């Protein structure tokens, strides 16, 4: 083959590569948010998104931008975050998992990979999100895993917290549990699961909804803790919900106890469903 013919073949292959429809890939992501200024890429501060995109771009050998199921705030963690991206790069699954993990810092990891249909969207295809909030309920603060839970030294009655929270189930106006700076067009959300359980010195508040307004879980937890320690009656949560006034509710619980543990999608996408966690917690 002459040099001219060889060059033409290489050029034709490059053109064909560029004209090929891009692949859409979904990833499951786990991260410890303690050292990051939230999920979203920002200028001059560390973010989970920026670290992930840098690692993916290196493996793909092209710029990669990801879209996520839900943006988490500074200090918030994830065991069940889902993202998607499009790429012209053809790689084995091991490259998108182990290869990307080799280029990520130790506190971010890819848990699974799946090629998805072109109509999949990590955010808009999701039908529900699930969060767990971890409280270390002991007189003395923890030293181990202190950035992965919130310490509360007054004894908490989980039965009171559980009963008080049941009024939040269903579709409601969550203005009383919505951050003032929330940009959502509506405060209405549909909560279909809320459980409060104790595991020794650890308390878990487990909430699932179609979506959440800004700081909704942390604001609910802050008010439930007021009920749990006896500062407020069980009926107070229902009163707050009806009042639609954020200034009447409890303080926002700290970020370090919060985990995005799962995102639900229609069965037709057949996404992997790993254990939610965090740590010792079963599904």
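Every residue, even glycine, has its Cβ placed from backbone N, Cα and C.
These numbers come from a predicted model, not from an experiment.
Annotation source Swiss-Prot lists site 'Interaction with tRNA' at 71, 91, 123, 139, 152, citing sequence analysis. Positions annotated as active site, nucleophile by Swiss-Prot, on the basis of sequence analysis: 73. Positions annotated as region 'RNA binding' by Swiss-Prot: 120-124. If you look up Swiss-Prot, you'll see 131 marked as substrate binding site, on the strength of sequence analysis. Residues or ranges marked as region 'Interaction with tRNA' in Swiss-Prot: 181-185.
A map of Swiss-Prot features onto the structure.
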| residue | record | DSSP class |
| --- | --- | --- |
| 71 | site 'Interaction with tRNA' | coil |
| 91 | site 'Interaction with tRNA' | coil |
| 123 | site 'Interaction with tRNA' | coil |
| 131 | substrate binding site | strand |
| 139 | site 'Interaction with tRNA' | coil |
| 152 | site 'Interaction with tRNA' | strand |
How do the residues of the region 'Interaction with tRNA' (181-185) split into helix, strand and coil according to DSSP?
0 helix, 0 strand, 5 coil
For the residue listed as 'active site, nucleophile', write down the residues of its own chain that are at least 6 apart in sequence and whose Cβ falls under 8 Å from its Cβ; none is a fine answer.
38, 39, 215, 255
Between the Cα atoms of residue 139 (site 'Interaction with tRNA') and residue 123 (site 'Interaction with tRNA'), find the distance and write it as a whole number of Å.
40
Considering Cα atoms only, can you say which of 71, 123, 152 is the nearest neighbour of residue 131 (substrate binding site) among these recorded sites?
71
How far is it from residue 91 (site 'Interaction with tRNA') to residue 123 (site 'Interaction with tRNA'), counting Cα to Cα, in Å?
24
Are there residues at least six beyond either end of the region 'Interaction with tRNA' (181-185) with Cβ under 8 Å to its Cβ atoms? List them, or say none.
213-215
Counting every protein chain present, what is the number of Cβ atoms, excluding its own, within 10 Å of the Cβ of residue 91 (site 'Interaction with tRNA')?
16
Fill in the CA-CA distance, residue 152 (site 'Interaction with tRNA') to residue 71 (site 'Interaction with tRNA'), as an integer in Å.
26
Take the C-alpha atoms of residue 123 (site 'Interaction with tRNA') and residue 71 (site 'Interaction with tRNA') and report the distance between them in angstrom, rounded.
10
Test of understanding: give the count of other CB atoms lying within 10 angstroms of the CB of residue 123 (site 'Interaction with tRNA').
16
